[in-house]
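Trainee: Take this structure first; my questions come after.
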Amino acid sequence: MPANLSSALETFKRQRDAAEAHYLKANRVSVFFREYTAAVETLLAALWVEHFQNSALCLMAVGGFGRGELYPCSDVDLAVVSPAPLSDGIQEQIARFVQTLWDCKLMPSVKSGSVGELCESVRDDITGDTAFLEARFLFGNRQTADELAKKMNAQRNVAAFVEAKLVEMEHRHAKSQGSGAVLEPNIKSCPGGLRDIHTLLWIAKAQGLATDLPDLLKQRILTRAEAGMLSHGYRRLAHIRIHLHLNAKRAEDRLLFDLQPQVAESMGYEGLNLRRQSEELMRVFYRAIKTVKQLGGILTPMLQSRVSSTPLRVTLRIDDDYIQVNNQIAARHTDIFFRRPEHIFKIVEIMQQRNDITALEPQTLRAWWGATRKINRSFYQNSENRHRFAGFFRNGNGLTQTLRFLNLYGVLGRYLPAWEKIVGLLQHDLFHIYPVDDHILTVVRNVRRLALDMHSHELPYASALMQSFEKQDILYLAAFFHDIAKGRGGDHAIQGIADARQFAADHFLTEEESDLLAWLVENHLLMSTVAQKEDIQDPSVLDAFCKRVQTHERLSALYLLTISDIRGTNPKLWNAWRASLLESLFHAAGRYLTGNGGNPHTLFGRRRQEAADLLTRAAVPEKQQKKLWNALGSAYFARHQSREILWHAANLVHDFETPIVRSRILPQSDSFQVMVFMPNGPRLFARLCRIFSRHGFDILAARAFITEHDYILDTFIVQIPSQHAPEDYPDIQSALEAELNSFIHGHTVAEISSHSRRISRRSRYMPIAPSITITPEEDYPDWYSVEITAVNRPFLLADMAEVFFAHNVSLRYAKISTLDERAEDSFTVFSPDLNNPKIQSSLKQTLLEQLS
């Protein structure tokens, strides 16, 4: 590199470093952009003189560089423009120029061509056209740059451009779905992100409007308050993106788990642990994108209406205060929301009641939103407002859209201060993927869908139950309040009771309705906990559950709320296995509350008789049946449900000395049930678990049982890896059975491979502290319940089983609850040694070492 260019490069590096240092000290986005852009332009000036002195070409900054918004590791968008088609020599010259840019580590993105060629290239390319919309002359022939800008603007169909940018935004938002996009959002492309701000400004610029906020204010596109909010939201997002680039040292626009704590710390969130720093950063981020979405709801239709060829304007009278304009509702006088604040809810009530109205007219929305910022205690105390707010839930129609609209514009938080505390609040527990407010509204949506015929195909039984449930509005309210006390420290289910009862008292609920609402909030985790962590075949478990529930109404409401809550936590959590667990508990509890099935001896006897009837119909002699029952022992009927007993009996009755493996695909499920019967021996359970893990199966439940003649009868429910289609299941089943058969006959040893304990990025950087509790079982000496919470990973259950074996603890039952990347496992174990506190402490310590 020539000496003069080396000097220019060194100057650039000093200016770039100075811009970064100045930014980290002063924290001013606009100053950083100005200084860093100037540094790049200084280097480009030297390179241009070296390659194109006295040339007819011109160099233009386009895209982000063109608008002067250059982030530390962003591409430098450029266009080399010629008044005439490029000769081979000029093209080679441009190629050398671009290579020099790469040598200088500028990450260039360069378009080149004549004015005509470049205009033609963007004619059907909305991205290219957008880049040139922000073109800015740098060096060379200014006349060529002016000609390009003039022709680009002349050929642009503004209405088509606006429509294309809005469609592009819709597609971008649609892609930003799923747990990855929520937990590690792309600050540039997510809904409400920087690209949405750019889109608004592009639409304005294409119409010939100035795109700096003061000018948009003068042109009455923005109000003063809106300009301030948009500027604040933009600066927040730009701050985060600058720090993200500086910490990642690359053009990374995703707030990855491993970068969140670094970005938070560099932005000054000090005095907090890494998790709290990350949560605070993400809360700031979510509030910023919420502001952008709020303003987009007003500005997008307003800007679009300036150029779009709208259908014939149809205006209908609604009442003295409102008219309908096409599918929007408009206030006759927009100051009505300030003069008569009760109309803040009234217009929403009208919109909820009428399916032909889908939105507020932009100027009405602007006035309404401005008035909502005046919501205070006196607004809440107005009985008319409280009646209307409760009416949103009683009506039910469009409830999800209504609540999301009120949340987007901050009304829920102003009306209910408890709600404001959970807006944008993230939970780093490895299974929730939404901020608390979004999660709650998703749960409300799920409950509401159960009430609608059009969605009955999703969950037919639950939908039928919901549609016959009399107090649907209380269920909606329970969904709304179930997590409202998150983030306060302590038990949110208990703390939420007071919020629910206060709301009920203020919003004219009856005592009976208030009691049901408060009970559901307090117990919203009860059913999922019992179904996923406890042995619901154990009559004592069912008895304790039903003593908490007490009535069929509570049982139905809790079942519907639990389904909706799990489905609204993380799409990965809901599966056929969880559905069957909840449904089994629901039906068992229903029988118990009706007076059927509560006596343990009656229950065990019925299970045994059902199996005996099956074997008798299969012509199995009674003598042979008794031999089987004696081998299994009476405890067997306490630990297994009827369907398992029938399956085991049919496979074992003719020969209960020969080891066997059997499996079956569970109906309407992506899971296998597997039984393994073989002589007892050391570490068998752990080694079986390793086989399942090696095949990529998630173990959903496991029941370890030892017969009277010292055989193991272990039963597993395992989930098939998600990449397999149902038509692959028989082949997968055959391969699994083949390896298990080889194992039980002593031909293979199932051991772990060295590379299989890898965990996700989320689990590495947002881990949960493992916890272990060991509790003696009442009325059963030497039996214990072991509860474990830890980061989920391959071979976890096998490793824990190894620890139990090493401490002479016999594992008899395992209930596995895998919540995405979090494992909450329950074990029933037998060990006289655990009476010794030292041995119990040693077991805990070894388990913790294995889990950490």
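Glycine residues also receive a Cβ, built from the backbone N, Cα and C atoms like all the rest.
Dumping what Swiss-Prot says about this protein:
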type: REGION; residues: 1-318; note: region 'Uridylyltransferase'
type: REGION; residues: 319-672; note: region 'Uridylyl-removing'
type: DOMAIN; residues: 436-558; note: domain 'HD'
type: DOMAIN; residues: 673-757; note: domain 'ACT 1'
type: DOMAIN; residues: 785-852; note: domain 'ACT 2'
Trainee: Per-residue pLDDT averaged over the domain 'ACT 1' (673-757) comes to what?
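Mentor: For the domain 'ACT 1' (673-757), the model's average pLDDT rounds to 85.
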Trainee: By DSSP, how many residues in the domain 'HD' (436-558) are helix, how many strand, and how many coil?
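Mentor: Split into helix, strand and coil, the domain 'HD' (436-558) gives 89 helix, 0 strand, 34 coil.
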Trainee: How does the domain 'ACT 2' (785-852) divide up by DSSP, counting helix, then strand, then coil residues?
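Mentor: Its residues divide into 30 helix, 26 strand, 12 coil.
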Trainee: Tally the residues of the domain 'ACT 1' (673-757) by DSSP class, grouping H, G and I as helix, E and B as strand, and everything else as coil.
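Mentor: Summed by class, the stretch gives 30 helix, 23 strand, 32 coil.
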